[in-house]
Amino acid sequence: MSEISVIQGDVLKTELPYFDICVANIPYQISSPLTFKLLNHQPAFRCAIIMFQREFAMRLVAQPGDKLYCRLTVNTQLHARISHLLKVGRNNFRPPPKVDSFVAVQALKLSQEGDSLNETNAKVDFSDFGDFDDDQGMEVDDDEMDVEDGGADEVQNEFKEKVLGVLKEGDFEEKRSSKLTLEKFLDLLSLFNKAGLHFS
């Protein structure tokens, strides 16, 4: 006989027990934090079926070069395979909201055998890469490198040269981050790690 446990509380603040499948209709304002809480949940579960606001769901499945391809896309696709199940139009609700919805499936890559990304660290966080504009490359901005110690200019120039060297080594100098695949992001991260530059 199966047991059912009812847990009452804020899902973002509640420690979740083991589960295999998640099915949820959530408040759209918690879409991002809940998505990453689920994707980082251990032990890993098989899949999640969640209804999101249309624009959020489109970002989850965006491809390199798409206008909606962003940091959210990269972080999410690093952990899971995501696909749309169905569109839920606003007229399916009473009263109708101002937005359309999509039901999306997130199947964890950790449970997929034979996936090349399984060999990488599934907990890599790309959040420090930030959101890049489509019109900008991966150039280094001097204004963003503040060094408080003495010899700031020398340290800053050395760091800049190191970063530019990594970008040149991997042929990333003229690349746009909005067009890089997950594999290319991981290649770039690996080059930075080999050069002693680590992101946390």
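Quick reminder: no glycine exception, Cβ is built from N, Cα and C everywhere.
The model shown is predicted, which means the values in this text are computed figures rather than measured ones.
The domain 'Ribosomal RNA adenine methylase transferase N-terminal' annotation in TrEMBL covers 1-114.
Among the features that TrEMBL reports, S-adenosyl-L-methionine binding site is placed at Met1, Asp10, Asn25.
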- Same-chain residues six or more away whose CB lies under 8 A from the CB of Asn25 (S-adenosyl-L-methionine binding site)? Ile50, Met51
- Message: Taking only same-chain residues 6+ apart in sequence, whose CB is under 8 Å from that of Asp10 (S-adenosyl-L-methionine binding site), what do you get?
- Response: none
